[in-house]
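Feature annotation from TrEMBL assigns domain 'G-protein coupled receptors family 1 profile' to 40-291. The transmembrane segment feature in TrEMBL is assigned to 25-48, 60-81, 101-119, 140-162, 196-220, 241-263, 269-291.
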Amino acid sequence: EAHNSSGLPPFILTGLPGMETSQHWLFLLLGVLYSVSIVGNALILFIIKEEESLHQPMYYFLSLLSGNDLGVSFSTLPTVLGVFCFHLREISFNSCMSQMFFIHLFSFMESGILLAMSFDRYVAICNPLRYSTVLTDARVMWMGVCVFLRSFCMIFPLPFLLKRLPFCKANVLSHAYCLHPDLIRLPCGDTSINNIFGLSIVISTFGLDSALIFLSYVLILRSVLAIASREERMKTLNTCVSHLCAVLIFYVPKVGVSMFARYGRHAPHYVHTLLSLIYLFVPPMLNPVIYSIKTKEIRRRFCKILLGNKF
């Protein structure tokens, strides 16, 4: 029996197939990951707000990244906890569409924020004298707004493109949350428009952003190699380490997930699930850790908070 948007069929979420007995251990692990990412990113936002010396473009972008990572965590949290803790596997059509919208919105925004941060590093290293005139507060805010609007406009059509299709198979999803590549396998109508649209937005965001980030680092490296002393070169490159780590932990799992979806069809199903968990859980958890290790002011304030101001 075919359901279309008037029938709005529910979807069945999946935990880790074949590992149901150890799901409570996984729930504990996910609980720790959520706690680290939510507390870590909230603390980064709090420290940047409170610490006067951090009121500069680089840290405004970092606070955008932390806010976005909180969004990623909160958009997967309800269904992941539902599946692994309370065994609630059914999700309504509209809830699934909303969750898919937010997961992909924050994912696309993360890519845009990382691009904005690479522009910040490029100006700081290749054009230091013009840094304060190029990256004014108003311009940083405008860049943040543009990142949000671009992601919103890209993702907005997805739920509507899915809603027009008939669903007639068993609507079982591969994960504990709703992702577009997963949902697009379920309709029994023609999904070619959805596939073309999906591919074009991925190329025009992740593809374009990663190419521009790569270009900015080529220019940064060229500029750094022109510096005479070795110490100065290392000191300058050191200001990019946190951002480079953030770029790698975002793009490497992303590439891994898409390559695996295409070429790893014969691998056990839980490998797909684990890869997608890494892609959604690792960046929000590691970003605050990386930045607090690499940034003296944030590290000092973290110690103060953790040691109850005895520091």
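Backbone N, Cα and C define each Cβ position, glycine as well.
TrEMBL: automatically predicted annotations, no manual curation.
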Cβ pairs under 8 Å between the transmembrane segment (241-263) and the transmembrane segment (101-119), at least three: yes
In contact by Cβ distance (the transmembrane segment (269-291), the transmembrane segment (25-48); 3 or more pairs under 8 Å): yes
Chain residues outside the transmembrane segment (269-291) and at least six past its termini with a C-beta under 8 angstroms from it: 14-19, 30, 33, 36-37, 40-41, 43-44, 62, 65-66, 69-70, 72-73, 76, 103, 110, 174-175, 177, 179, 242, 245-246, 249-250, 253-254, 256-257, 260-261, 298
Distant-in-sequence neighbours of the transmembrane segment (140-162), which means Cβ under 8 A and at least six residues beyond its ends: 57, 60-61, 64, 97-98, 100-101, 104-106, 108-109, 112-113, 115-116, 119, 180, 183-184, 187, 193-194, 197-198, 201, 204-205
Overall pLDDT of the domain 'G-protein coupled receptors family 1 profile' (40-291), taken as the mean: 89
